[in-house]
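Structure, as structure tokens:
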Amino acid sequence: MIDQYKHKQLQIGLVSPQQIKAWAKKILPNGEVVGEVTRPSTFHYKTDKPEKDGLFCERIFGPIKSGICACGNSRASVAENEDERFCQKCGVEFVDSRIRRYQMGYIKLACPVTHVWYLKGLPSYIANLLDKPLKKLEGLVYGDFSFARPSAKKPTFLRLRGLFEDEISSCNHSISPFFSTPGFATFRNREIATGAGAIREQLADLDLRIIIENSLVEWKELEDEGYSGDEWEDRKRRIRKVFLIRRMQLAKHFIQTNVEPEWMVLCLLPVLPPELRPIVYRSGDKVVTSDINELYKRVIRRNNNLAYLLKRSELAPADLVMCQEKLVQEAVDTLLDSGSRGQPMRDGHNKVYKSLSDVIEGKEGRFRETLLGKRVDYSGRSVIVVGPSLSLHQCGLPLEIAIKLFQLFVIRDLITKRATSNVRIAKRKIWEKEPIVWEILQEVMRGHPVLLNRAPTLHRLGIQAFQPTLVEGRTICLHPLVCKGFNADFDGDQMAVHLPLSLEAQAEARLLMFSHMNLLSPAIGDPICVPTQDMLIGLYVLTIGNRRGICANRYNSCGNSPNKKINYNNNNYYKYTKDKEPHFSSSYDALGAYRQKRIGLNSPLWLRWKLDQRIVGSREVPIEVQYESFGTYHEIYAHYLVVGNRKKEIRSIYIRTTLGHISFYREIEEAVQGFSRAYSYTI
């Protein structure tokens, strides 16, 4: 059992066979050692009791009922005498039944078996350490070929006959049919190596420090060679350099964690506690069992058959032994990772068995479903909608969620301010929704941040802190600029809200997690708070006005619908006039005209603008020049209008725009001015 006060983290890694045996081994008072699972049976079909030395054995994993052994005798869990802790008849320990959640067993494999995660994973750790191709290692593990044992002290049979040129040479033809089982075992122990045992021997002979030194020397040699000009050779050199770096990192990791490379080949297979792979009896004599039990049964049966062939059947052909070793390897592979060698194992109803990898990985795996995705107090969940009036660091919480999250704080303040005398009356005031409750709730929320999280949390911007504000309705309001960090949109996405309770959590939320402090992507440094989706559509609609300038009036004059017939013979129709496109001296006048419904959002208009040297010094030729009786003139360009006097002096400039462009410009101008003021304060 993991003690939550002693253990602060969980690490998954390799362990030695001695450690696996220590997890499961028990010594009975009579000196008998239990812990090894040798039978594939589970429960007896008549008594419904666990079979001895089976997958649910009470001697190995503990009693099903607390303090009651397999015989039915009961005794206190705590006994002064060591002999009294075990039943003298059945050997079951008198302990709490919860031990079956963490007490493990083991299967002693008749032959070494490689761990499929370390052989077929990407990258393959075994192939990287041995510096061998993965396909050849797989062929060696599954008995497709053998190689000669390197032996320099004495001549071997294969060396005398000259069948192999190198110390380690492949033998692609079968040797085993020429030997009986004892003869083949003797031959294999002296001359050849095959199966996972050959991999284990090579891993055991490795010196990790020498691997690091040799790999570093080779990497430096490749680095000094430089580029040869041959694209294919340069590519092979780059791949080799990357491989050497990975190999050095892997060897360094093994040294730092005190892990031996040969532990990647299993001699003892751990058996999970029975409560983690239960058998459930339902009504109607229906039995529901975990798929892992069936996979364990398969491993035990094949392992027992191999042990029988190796120990008791002296006349069995060696091909049968090698085939059985391959079956044991495949059974363990299926238990650890179903489908690693192609088609996964299926039951009689064509349903795929779930292996240990399937139980652990994925969204419904053990980690994400039961360890990471647990329900917690002081949290809520609702659909998100856009909050256009919110600041970047604010979020809108519905009244129903806010009063639930901050209920204890509201009760505390109600009692502190003597609005109520006890907790019961305070809860009644909250339930009746009295006005004082909302006043205190707003005071409490003003200085307390909340955390918003959208699953899946793939990076640290998936959970950010916000200052909550009360909103009507039942949805959470969110500023649209923070959507990219959450990878969220407003089409029905849901987000969870959490309340940090401790002062440390609140300080971390304010200093590190507030949304206005996470403006850049932590991965690449690009801005993360950029307009996306709904905002882009809104900006497009806001600035969709006539972009082709005054010349577009010839094709679609202001106020005409696309289907309206235009008389192009009338030259005055598309001629510039002040009546069609009104003039405004300021943006406030234009906004006032829009509120009075005199102009539309995308109606073209002329807005008086400050003198701009880029416009004054422009060499653009006007489209039309109009002169008035007092000598003033109007030079009309595609997007602006220049008004001059008789002395050819520019009196004013009007730009051709729309109210949408004006509104967008005002928002950007206010944002830039606010940033400049904030920057000046920091200086």
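The backbone N, Cα and C atoms fix where each Cβ goes, glycine too.
Summarising the annotation, Swiss-Prot assigns Zn(2+) binding site to CYS69, CYS71, CYS87, CYS90. The Cβ of CYS90 (Zn(2+) binding site) has 15 other Cβ atoms within 10 Å, all protein chains considered.
Summarising the annotation, Swiss-Prot assigns Mg(2+) binding site to ASP489, ASP491, ASP493 and lists sequence analysis as the type of evidence. DSSP classifies ASP491 (Mg(2+) binding site) as coil under the three-state reduction.
Across the structure, ASP489 (Mg(2+) binding site) and CYS69 (Zn(2+) binding site) place their CA atoms 59 angstrom apart. In this structure, the CA atom of ASP491 (Mg(2+) binding site) is 63 Å away from the CA atom of CYS90 (Zn(2+) binding site). Here CYS71 (Zn(2+) binding site) comes close to CYS87, LYS89, CYS90, VAL92: these same-chain residues lie at least six apart in sequence, with C-beta atoms under 8 angstroms from its C-beta.
Under the three-state DSSP scheme, CYS87 (Zn(2+) binding site) falls in the coil class. Note: the Cα of CYS69 (Zn(2+) binding site) and the Cα of ASP493 (Mg(2+) binding site) are spaced 53 Å from each other. Taking Cβ-Cβ distances under 8 Å and a sequence gap of 6 or more within the same chain, the neighbours of ASP493 (Mg(2+) binding site) are VAL383, ILE384, ARG454.
With all protein chains in the displayed structure included, the most crowded Cβ environment within 10 Å among the binding-site residues ASP489, ASP491 is that of ASP489.
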